[in-house]
Amino acid sequence: MLTVEGLNAWYGEAQVLRDVDLAVAEGEIVTLVGRNGAGKTTLLRCVMGLHERCTGRIGLRGDTAFGTRPAHRRARLGVGYVPDDRGIYATLSVEENLLLPPVVGPDPWSLPRVYETFPVLRERRRFAGTQLSGGEQQMLALARVLRSGARLLLCDEPTEGLSPLLVEQIGEILREIKAAGVTVLLIEQNLHFATTVADRHHLLAEGRIVESLDNGAVRAREHELLAYLGI
Amino acid sequence: MSGFLQQCFNGLVSGGFYALLALGLAVIFGMLGVVNFAHGAFFMLGAFGAYVALAEFGVPFWAALVAVPALLFLFGAVLERTLIRRLVPFDPLYNFLLTFGLTLVLQDLVKREYGVQSQPYPRPAELSGSLDLGLFDYPAYQVFVLAAAVLLCLAVWLILTRTRVGMVVRAATERPELTRALGVNVGRWVTPVFAFGVALAGLAGVLAAPMRAVNPLMGADLIIAVFAVVVIGGLGSVFGSVLAGFAIGLVQSLGNLYVPALSQTLIFIIMAGVLLWRPAGLFGREEART
C-alpha cells in the first residue's frame, strides 16, 4: 500500500529524519512509537506532502511518483490525515467539518453511519467545530476521514488525552475499518492500546527507525520500552 | 430629531461604501494573506469606468453597474495570475508593495488622461428625486445605494455561510495547509476570490459615481479609512468588517454633527482604542496566521 524509501527531512539546518525505510501492506495497521521529537509527526507530514524539506521516495499502491504530488492530489488518491492538533475548523460547523473533504475512496461512510457511530456529533452538528470537547474533536477528526472513504489513514496520536472509554471506542473503530481493508499508519504512545489494534510497530529515535517489533515483542518488553519512552 | 436621523442615514450610506470595500479586502486577505493596497484604486477605476462608459460610449448607469464590475473581475483575475500569485510565497510585504505601486500607476494613468479635477456623473433618471421617509425627505439615489450595499453584503454572507464554495473559502482562510491535506484544491479558488474582491470594489465605485466626486484620488482618500475599518472589525473577519463598516460610517457622520473638530481623526481614535482593548480587532481571532 505505502512504501517509503530513503526518506530524509530537515527543519532548517537540523535533520529530523535520516534514511527512513518503511512499508505498510494493504489492510495493515502499523504504529510509529518514539519519544517527542523523534520525527514521527514529520514522517506523516512528509507522506501527506505537507513538509517541503524532505528527500526520498514515497509510493502509494505502485504509484512511484506519489511523493512528488501536491498535498490535495495525495488526499484524492485515497489518503486521510488526522493531524496531531486534530485540525478541527472553528469557522465550520461540526457537519461542515465532516463534509469538507471530497469523497476519495470506493466505500465512504455515509453521514447517517457517522452519526450512528458517533451520536454526539449528530447532537452537536450545528455547533462550531471547536465548541466540541477535546475528545469529541478527536472523534470528529477520525469521522471526517472515514466519511471521505480514504483507504490509507495517517493518524497522529488519535487517542491522546482521551478517557479510557473513548480510547476503547477508537480501538473498536480501528479494528472495524481494518476488517474492511483500510490501512492505517498510526502514531501511538499508549503501548498497551497499540498492541490491541496494530500488527507491527516501528520504534523511532533521532530520526531513524531503530527497531521493528511485533505485538509479542512489545508485550514482552513493555516495561523497558515504557521506561525508554519516558511515559 | 429629524436632523439627527438624517445624519444617521448619511452615516449608513457612507458606511455602505466602507462595508463593501472592507468585505472585499477581508475576503482577499483571508484567502491569499495579501493586504491589497490597490483596493482604493479599483474603487476609483469602477467610478471612472462608469464615467467613461457614459461619456464616451453612452452606456447608461444600469448597464455600467453590471459591465464595469464584470470587466474589473477579469482585470483582477489577470492581475492575480500574472503578478500577485508570484509573490504570495514570500513575505506579505512584497505584495503590499506591489499593490501600493499598482495604485500609483493606475492613479497616474487616469490622471494623465482626465486630469485631477472631478468629473460630473448624473444620477440615473429613475432615482433623481427624493423619497418621503416620514420625518424627512431623502434623496432616492442614496436610499438605493444603502439598500444595494446591505443586500450585497447579505448575499456575500449567504454565499460564505450556505454554499460549498463558501465553506471551502472559510476552511482555506482558517487553515490553508490542512485544507489542502484534506483533498481540497485551494489554489483553484484563489483567482476567483481575488477577482471577486476587485469586482466588488469596482461595483462600489460605480455606485459612488453619481454621488461623489469622480477623480483619480477618490480611492486613495477612502482606502485609509477602509483599512482602519478592517482593523477595527478584525483582520480577515468578513462579518466584523461589514459590521465595522456600517458602524464607523454612522459614528463618523454623527461625529461630524456634534464634534466637527474631530471629524477627520475620530475613526483613528476608535481604531487605537479598539486595538488597545482587543489587539486582534473586534471579531478577529488571536492566533497568528502560519
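Note that Cβ sites are derived from N, Cα and C of the backbone, with glycine treated the same way.
Fair warning: this is a prediction, and the values are worked out from it, not measured in the lab.
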From the ranges B:92-110, B:168-186, pick the one that TrEMBL records as transmembrane segment. B:92-110
Same chain, outside the transmembrane segment (B:189-210) by at least 6, Cβ under 8 Å from its Cβ: which residues? 17, 20-21, 23-25, 27-28, 31-32, 34, 36, 39-40, 42-51, 61, 64-65, 68-77, 79-81, 84-85, 121-124, 141, 145, 148-149, 152, 156, 165, 168-169, 172, 218-219
Counting Cβ pairs closer than 8 Å, which of B:12-30, B:92-110, B:222-250, B:257-277 has the most of them with the transmembrane segment (B:140-160)? B:12-30
Cβ pairs under 8 Å only, please: of the recorded stretches B:12-30, B:61-80, B:92-110, B:257-277, which one is richest in them relative to the transmembrane segment (B:222-250)? B:12-30
